[in-house]
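Enquirer: These came from TrEMBL, pasted as-is:
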type	residues	note
BINDING	11, 13, 44, 201	Mn(2+) 1 binding site
BINDING	44, 83, 118, 199	Mn(2+) 2 binding site
BINDING	83, 84, 126, 164, 168, 199	substrate binding site
DOMAIN	5-203	domain 'Calcineurin-like phosphoesterase'
Ligand code: LP5
Ligand code: MN
């Protein structure tokens, strides 16, 4: 059995405007995960993604080349789409040497069964967001959107981002967290005893009767309070390690 550790991160929200967070991420990829069997990025690697044509931007080229070094070192890379980068596609996969993971994903490793998800689908009280999500996760809507010129896509994404920002403290309002009902339903449906997700920016370890839910931290070294962390699973179990 391959007993090398697995690493989990999410919510880096990287863009050309986040050089310090990118530097922390580059260090994580170059050094921290050197002993890994696999790295899982559970959504929102990018601040936003409106189609794989974004790969032609120097920032995205640098980032995908960085990610490709994992495959070259024999480390598998799995990327799950988040609510900001669900339009990552096959060209990104090829450029980054990654495998896109559909969510929720069940994974067996080191004698545990995990269920992995970004986390936004679990915020079932956020009805406006769930309506929006159903619309933009519809394949036909995505195909339609991806045929538009890049400039128009960027303008629409900017409008959506502005609307989203106008919500006061989205993670503190009612509906800004996962619901217990959705969490329990996902445990039951997946048969997993460990759940890992991000999105809510409320890093924690929640213990239930027979299951555990780990919530990943977001990363930000460019704005207010510097923060970032990853989960490491090895034969001894899971640990959260802050940067
Ligand atoms: O991202 P975060 O964490 O700050 O907030 C999320 C929810 N917001 C979003 C929007 C993203 O931040 C921006 C997405 C950029 C990529 C766009 C791709 C372009 C569209 C592709 C079409 C195929 O996800 C926020 C949640 C919060 O998490 C907490 O869970 O509350 O939800 C919102 O703010 C959404 C609003 O509630 C509803 C917005 C309605 C916008 C209507 C525009 C319709 C456009 C239809 C497009 C075809
Ligand atoms: Mn998110």
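Glycine too: its Cβ is placed from the backbone N, Cα and C atoms.
Are these features on the surface or tucked inside, and what are their neighbours?
Expert: Following the DSSP three-state reduction, the secondary structure of residue 201 (Mn(2+) 1 binding site) is coil.
Long-range neighbours of residue 44 (Mn(2+) 1 binding site) (same chain, six or more residues apart, CB within less than 8 Å of its CB): 10, 11, 12, 13, 82, 83, 84, 85, 118, 198, 199, 218.
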Enquirer: Which residue among the binding-site residues 84, 118, 201 has the fewest other Cβ atoms within 10 Å of its Cβ, if you could check?
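Expert: Fewest other Cβ atoms within 10 Å, among the binding-site residues 84, 118, 201, is found for 201.
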Enquirer: What's the most sparsely packed of the binding-site residues 13, 199, counting other C-beta atoms within 10 A?
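Expert: Counting other Cβ atoms within 10 Å of each of the binding-site residues 13, 199, the minimum falls on 13.
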Enquirer: For the Mn(2+) 1 site given as 11, 13, 44, 201, which other residues of the same chain have their Cβ within 8 Å of the site's Cβ centre?
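Expert: Surrounding the site, in chain order, are 10, 12, 43, 82, 84, 198, 199, 218, 219.
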Enquirer: Looking only at 83, 164, the binding-site residues on record, which one has the least crowded Cβ, with the fewest other Cβ atoms within 10 Å?
Expert: 164
Enquirer: Which of these binding-site residues (13, 44, 83, 126, 164, 199) have a C-beta closer than 6 Å to some atom of ligand 2?
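Expert: Going through 13, 44, 83, 126, 164, 199 in sequence order, those close to ligand 2 turn out to be 44, 83, 199.
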